[in-house]
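Heads up: the structure comes next, in structure tokens.
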Amino acid sequence: MACGAARAGKSDTAALELLPSAPSKMNESKPGGSQNPTCVFCRKNDDCPIKYGEKKTNEKWNLTVHYYCLLMSSGIWQRGKEEEGVYGFLIEDIRKEVTRASKLKCCICKKTGASIGCVAPRCKRSYHFPCGLQRECIFQFTGNFAILRSPCCKNAWFHRDCLQVQAINAGVFFFRCTICNNSDIFQKEMLRMGIHIPEKDASWELEENAYQELLQHYEHCDVRRCRSKEGRDYNVPDSKWEIKRCQCCGSRGTHLACSSLQSWEQNWECLECRGILYNSGDFQKAKKHTLPNTNVGITDCLLEESSPKLPRQSPGAQRKDLLRQGSKFRRDISTLIIELGFQIKKKTKRLFINKANIWSSALDGFRNQNFNPSYTIEIAYVNENDHFGKEQPGSKQEFLSLLMQQLENSPLFEGSLSKNLSLNSQALKENLYYEAGKMLAISLVHGGPSPGFFSKTLFNCLVYGPESTQPILDDVSDFDVAQIIIRINTAATVADLNSLINEYYNYLELIGCLRLITSLSDKYMLAKDILVYHVIKRVQAPFESFKQGLKTLGVLEKIQTYPEAFCNIFCHKPENLSTKILSDLFTVHTLSDVQALGFWNSYLQAVEDGKSTVTMEDILTFATGCSSIPPAGFKPTPSIECLHMDFPVGNKCNNCLALPITSTYKEFQENMDFAIKNTLRLEKEENSHFIGH
């Protein structure tokens with residue numbers, strides 16, 4: 001493998017300036033006024049700063065050059081100051097180098113202009129910079145070629161492209177090892193590996209708080225079954241709940257107790273890194289360790305579920321004292337769902353939806369053998385009573401919003417505001433719990449609304465497992481069962497308690513909760529047994545089926561990794577809309593009527609103050625089909641335009657609200673109220689027919 005060593009005396013810190021015109025021997029690649037000119041050295045028109053450095057065209061000299069092609073050229077030195085020529089490369093020197101290169105042929109493409117020579121004195125080969133990259137040559141920006149290795153962290157590895165992007169963004173002042181934060185040793189070795197480290201300020205210093213998360217330490221437990229009742233982000237130094245990060249990648253973590261580590265000093269690798277070490281032959285089976293008063297075995301640390309390596313925050317330093325200085329690791333829910341959305345492909349799948357029966361038509365579409373949850377979804381509304389078979393384009397977010405409403409009110413769940421899974425034998429037979437989980441996962445990833453109706457108990461079962469979740473009395477929707485639990489809990493004597501057991505003997509025997517009563521305190525354990533049976537054990541089969549469906553597109557794994565972020569959208573309804581929220585949400589098209597926009601702002605305030613027959617949610621539904629803002633936001637962004645018409649018009653496919661242009665505010669408000677109220681009423685009547693299961 002060949003390599004070239006740059007002869008530059010300094011790194012690049014200034015912008016490209018004027019370049020000399022190419023001599024006649026280089027006219028073969030002269031750009032001549034092309035809209036996408038070629039580099040005079042490599043003859044390529046690619047504009048890829050990560051690979052080739054900045055591409056600059058100077059109209060005066062009619063020349064284009066890649067910075068790395070110039071920097072790596074063997075016959076040129078940086079003799080000037082930074083502000084002279086091109087990053088200190090003088091104009092006359094560049095002219096001479098172009099002339100010299102015109103006589104040299106690239107050993108790869110056999111064309112002239114190969115200005116880069118091999119660093120080995122006896123090797124006479126020359127290269128174009130892109131040709132060398134294509135053949136995996138190593139181009140060093142200082143020093144000589146050395147063995148590729150990580151100098152400061154054992155068993156750490158990096159992608160070359162990732163490091164180059166990091167180096168360009170960080171610059172010489174902030175480019176360091178992401179595992180241990182070492183700068184000096186790491187930079188020297190990266191230069192030897194062929195990574196270009198520019199002498200410039202870090203990119204995030206130019207934007208306030210743009211990369212604040214890079215200063216945070218990764219503090220999150222990623223094992224499949226986190227045993228902390230305080231959550232996966234719970235971290236208590238010098239205890240079994242201290243978080244240890246993977247010694248190889250630093251981007252996964254575990255509580256000591258969750259992986260049976262006796263102390264922070266013990267090594268731990270995540271599942272992905274363990275697999276790499278095992279395949280490389282360097283893996284040594286860990287000895288079994290247990291913490292005092294625990295029954296967690298070493299096998300538990302192998303229960304992690306691998307997930308797609310989506311973009312993560314920097315893990316920061318690995319040293320113990322630095323680990324304790326960072327704030328808790330947090331992820332914004334919109335960012336998490338946008339990351340899940342990276343799986344969506346451009347290939348589209350059209351779903352034909354009957355708005356009079358959203359559930360059945362959605363079920364048919366999702367069960368179709370040609371349906372792929374990662375395809376982009378298109379909606380076409382159809383009417384079974386229309387014999388001409390007409391189709392109308394529909395809003396995907398409106399469809400998902402209606403589907404989630406149907407799911408919330410379906411017989412698959414029980415409860416009022418906070419719902420748990422119900423036991424429905426027919427739905428279980430038809431595999432509808434699986435389909436419900438699948439629908440919810442698809443809705444989230446494809447931009448649907450927040451579910452908002454889960455009980456904390458159901459959510460905790462999904463995250464921590466049913467065996468680690470304790471239900472509460474509010475989870476019991478059956479009035480008779482709730483009365484049994486209340487009567488047992490309030491029993492005043494052992495005799496009263498035994499009397500209740502005799503009264504409910506058949507029921508307690510049926511559910512396996514009969515127990516011998518020796519003291520009055522036994523009532524609490526009996527009530528707990530009934531509660532656990534009714535809320536968790538009774539619906540074990542529906543729960544497992546629903547859980548499998550929720551794994552679609554990796555949603556369940558994401559929930560289990562970031563439960564705090566997802567809990568808010570699963571267990572709580574979105575915040576109430578306000579004038580400010582809607583004003584900020586809708587963008588205004590240019591050339592809109594100023595008076596109508598003034599009426600619009602006054603109308604929003606009147607609605608918020610209760611002086612209108614419609615609500616803020618009605619306005620949003622009229623324009624977008626959704627009564628709340630989805631966690632990932634709207635696509636496209638909601639907008640407003642003003643048209644000469646009597647009544648407003650909502651285009652839900654484009655999330656556009658057309659406002660009427662009226663002469664008075666009173667007329668504006670009356671027309672808005674009438675159109676929104678009656679349109680939503682007609683749509684509600686159309687969607688009211690639902691065949692439940």
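Glycine residues also receive a Cβ, built from the backbone N, Cα and C atoms like all the rest.
Curation does not apply to TrEMBL; its annotations are automatic.
Among the features that TrEMBL reports, domain 'PHD-type' is placed at 36-156.
Taken from TrEMBL, the feature domain 'HECT' applies to 533-691.
Among the features that TrEMBL reports, active site, glycyl thioester intermediate is placed at CYS653. Long-range Cβ neighbours of CYS653 (active site, glycyl thioester intermediate) (same chain, at least 6 residues apart, Cβ-Cβ under 8 Å): PRO393, GLY394, SER395.
Secondary structure of the domain 'PHD-type' (36-156), assigned with DSSP and counted as helix (H, G, I), strand (E, B) and coil, comes to 27 helix, 19 strand, 75 coil.
Note on the domain 'HECT' (533-691): its mean pLDDT in the predicted model is 90.
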